[in-house]
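Report on the structure given below.
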Amino acid sequence: MSETRIYKAPEKERISFIKKKQQHQNGLKFQPENSNFGFLCLLMTSTMLPFLVGYHFTLVNPIIPALKIMYNETYMSRYGEAMSDSTWLGLLTMSVSSIVVGAFVGGTTTKFLLNFVSSKRLNQIAHVINLIAIVVSSLIGGVTQSYEAFIAGRLIAGIPCGITFNLAPMLVAELSARRKRGFWESTIGVSISFGFLIAAILAHPKVLGSLTLWPVLIGLGLLPSFIYLIASINIPETPYYLLRHGRKEEALDVLTELRKNEDESVAKQEVEEIENEIGDSGKVYGIVKILKNKQYRNQLIAVFALYANLMLCGVNNILFYSDLIFKEAGISADNVTFATIGVFALQFVMALIGAKFVDRFGGLKVTIAGSIGFIVSLTLFTVSQAMVYKQNFTVLSPLHTTADEQLLTNGSAFASVTHSTFTAETTSLIASAQDGANPWSFVSVLAIGIFMVAWSGGTHISTFALLGELTIEPTRATCFSYGNAVMWTTSWIVSFVPPYLQEALGPYSMVIWLGFTVFFLVYMVICIPDTKGRTTKQIQAKFGGKTDSSASFGIVLTEVESLNV
């Protein structure tokens, strides 16, 4: 008589079964992975254009002395006299800040342009615009020594920068498998930080930041665009775009290529989920429809809050004047540029680490952690500056300096330099401060270090991870477009308001950014849902004011022994 044996599944199979069962119970019926081809598509999409944002924004600061010489020579050849300080400051302001104007234009027109072209095509157009901008500023400006051409090139270069902050998160959200979407969207922030670092290194006067080599420095920005445009020949349209235009069979084929070991049946399941997200209309909702619907309106407010928090934490108040803060700590003028390179190196390293935290803990938790870091650093910075003031030492504010001092150290990154004041009393204070470093100044540097760690390794990258997951396909373009306008507007404000804050509040000028940080932290904790381990339906239930019993924070495995396998 044959003996009946009961088959007992191996441990790995049992755990896999449990995961699938609980994923099914939580609404996660399948979790596809990106294929190698999908990896390459996402790599090109999430790195090339964002890298150029960081590169363009950083490279001008170290070459300002070279630009001043070039501008003065051009002015003398035209008018037969040396350029006045007021004329130079006006040209400097336009040279540096024109890219922000271009970014505002690019950010606010993204949604409009998506009515006529696909997201992939718009990404290609953005790279072509970048090529044009570099030709104008580097080739024409370099050969003719024309400051008008340089400024025009910077203005044009800002357009793809503005488009990037809308388009890159959108493309990643529509190309990546959901479980890796947060990681790839955080890569956008990493790429921007890498652009900061590379530009700071290459723009050093002893590398490519000299009077004769600055056109080459700008011209190197051609390479990422050329690489993407060549690679984009094989990058497909996103499945969202194809389904929105009724091309279901093509969407199935694309999903099969983008996902690892995905057969047609699994691809069909993902297509169904995308179709549910798109809805019956398959249209992009306008601002009026979004404002009338509670769920969509809350999405828009969340996007606004995240973009505003990215800037109103006061990052520009610190980033664009870091050289003078280091000088206050006793670093010599010859080493200030190296210190700036160190800051951007720290940014990049922390962005890499932060990307892993975003992948593990989700964008919301990392953003909240970053805000807590801001609160600690801004409080420490304010206390240290108050102690410097109290002890009658000079407060070498990054905003309180002459145009010449700003130029020789790092140069004003924005037009706030035109508001700077410099009195005989300040001159005396600076001279006395050079005799010895105030110990509280080093505390200020420590506070700045904490801030940069929190921003680069937290908020800067986690914001992008959240943006794509909090919005749905019909609202995404509109929310990103208007949110991008909010970001560039607040960026402009944070760059120009500080001189007035310094004059009115003195050592307490950072308190306003502390207040904004606390406000947005409270909003995020109360109103923004955690996206880690949740489906689109569960995330949107929070915005719609509904209670979803399956909306749990992640998937918690029960003991293997509790199930009969």
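The backbone N, Cα and C atoms fix where each Cβ goes, glycine too.
Straight from TrEMBL, the features:
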type     : residues : note
DOMAIN   : 42-532   : domain 'Major facilitator superfamily (MFS) profile'
TRANSMEM : 37-57    : transmembrane segment
TRANSMEM : 88-113   : transmembrane segment
TRANSMEM : 125-143  : transmembrane segment
TRANSMEM : 149-171  : transmembrane segment
TRANSMEM : 183-202  : transmembrane segment
TRANSMEM : 214-235  : transmembrane segment
TRANSMEM : 300-321  : transmembrane segment
TRANSMEM : 336-354  : transmembrane segment
TRANSMEM : 366-389  : transmembrane segment
TRANSMEM : 442-467  : transmembrane segment
TRANSMEM : 479-501  : transmembrane segment
TRANSMEM : 507-528  : transmembrane segment
- line: Checking 88-113, 183-202, 442-467, 507-528 against the transmembrane segment (149-171) for Cβ pairs under 8 Å, the most are found for 88-113
Query: Where else in the chain does the transmembrane segment (183-202) make close Cβ contacts, counting only residues six or more beyond its ends and a cut-off under 8 Å?
result: 42, 46-48, 50-59, 62, 164, 168-169, 172-173, 176, 208-209, 217, 220, 337, 340-341, 344-345, 347-348, 350-352, 354-355, 358-359, 363, 456, 460-465, 467-469
Query: Taking all residues of the domain 'Major facilitator superfamily (MFS) profile' (42-532) together, what is their mean pLDDT?
result: 80
Message: Test of understanding: applying the rule of at least three C-beta pairs under 8 Å (pairs 6 or more apart in sequence), is the transmembrane segment (125-143) touching the transmembrane segment (507-528)?
response: no
Query: Have the transmembrane segment (125-143) and the transmembrane segment (366-389) got at least three CB pairs under 8 Å, pairs 6 or more apart in sequence?
result: no
